């Protein structure tokens, strides 16, 4: 006989395509539904042997009908004997502990562990930092294996294509600016035809649905390598720097940035940038403030990537002291009052306590930046076979989420999303 089965070529395509169910412990990426031609029917020949299939029998050898008859009559088979696994030789014979609560009961199987998992992670939680430069070719970054200064057109677009394929739709831009364009006042930062505005326009033209974050700071544009204008006595000028940052943020918003991210740590810059954006009509452009940015030693590879090391001194007069905890509350209160939409902690893993502090004291979304030093340490450990790179990568991201981060800026974003989608991580 012939049976009629309804199907669609689109459905067949989805079944044959890559599975994206995700890593069991972390969550998964969302598949994009496909559309196809309307449903049609096909006749499928079923053989006579299939029509006359033998009766289904229970493990005992009886048919289903016989089992049902026994159940109606109240005759139930005896349960199999409970066989306890043997303990190894030499295990002491003891009376079980008189415990009412045994937390291990909820961990004894993968299904139970998944049911009670408190924290999850998905590609939607990840923001991929992108290093860009004026050249056409991608240039590898020696201190950050797997990362490149991307050619601002071809290499950049290819990286975004690949990231979107695994569910990463948020990106933050960091430019390597030619020395010839750097100055003490960092005027190139608000050039509407500069590298960052051009890149924003390119990305928004090709991928209008992505979220573009931008960095608001003068260090990539400063001949001194600092986040602000440097006075002749070496003091970083706060208010004059904020004035420049406002122009930079407006230029980025004009190009199409979704979120501007002041990382400079100047006092009062969030409120000033909010006022400047609103005055230009950019009421819907968000501000992600680097609220608790510490003067950390974990930034080394990043500064190599952008050639943005300070020409003298350090950044301790404006970035936070790594020994301080409560000070983060002062910065949080100020940024909230000035109109920040997202609060960020940088670095990430060494400052889990600060992430939790902000999470417990603010209703705003919390971001964590897993910085270049954190990334490079995991990469180096994996390359030397001292750790399992993939497992440590995923655990580190889960820890940031567990501490309270809603989103994570990480150079592992695409690699981690591959894992979440059940693909190879490299």
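From the backbone N, Cα and C atoms, a Cβ is placed for every residue, glycine too.
DSSP assigns residue 293 (active site, schiff-base intermediate with substrate) to a strand segment in the three-state reduction. Sequence annotations record features per position, and here Swiss-Prot assigns active site, schiff-base intermediate with substrate to 293 (among others).
Taking the Cβ of residue 346 (active site, schiff-base intermediate with substrate) as reference, residues of its chain lying under 8 Å away and at least six apart in sequence are, in sequence order, 263, 290, 292, 293, 294, 296, 368, 369, 371. The active site, schiff-base intermediate with substrate annotation in Swiss-Prot covers 346 (among others).
Taken from Swiss-Prot, the feature 5-aminolevulinate 1 binding site covers 303, 315. With a cut-off of 8 Å between CB atoms and residues at least 6 apart in sequence, the same chain places 226, 227, 265, 295 near residue 315 (5-aminolevulinate 1 binding site), listed in sequence order.
Taking the Cβ of residue 331 (Mg(2+) binding site) as reference, residues of its chain lying under 8 Å away and at least six apart in sequence are, in sequence order, 291, 292, 320. Per Swiss-Prot, Mg(2+) binding site is recorded for 331, and the stated evidence type is similarity to another entry.
For residue 372 (5-aminolevulinate 2 binding site), the same-chain residues lying six or more positions away in sequence with a CB closer than 8 A to its CB are 143, 144, 298, 299, 300, 301, 302, 305, 411. Look at Swiss-Prot and you will find 372, 411 tagged as 5-aminolevulinate 2 binding site.
Per DSSP, the secondary structure of the region 'Disordered' (74-107) breaks down as 5 helix, 0 strand, 29 coil. Look at Swiss-Prot and you will find 74-107 tagged as region 'Disordered'.
Summarising the annotation, Swiss-Prot assigns transit peptide to 1-45 and lists sequence analysis as the type of evidence.
Counting Cβ atoms from all protein chains shown, residue 293 (active site, schiff-base intermediate with substrate) has 25 others lying within 10 Å of its own Cβ. For residue 303 (5-aminolevulinate 1 binding site), the same-chain residues that are 6 or more apart in sequence and have a Cβ closer than 8 Å to its Cβ are 309. The secondary structure of residue 331 (Mg(2+) binding site), as reduced to three states from DSSP, is helical.
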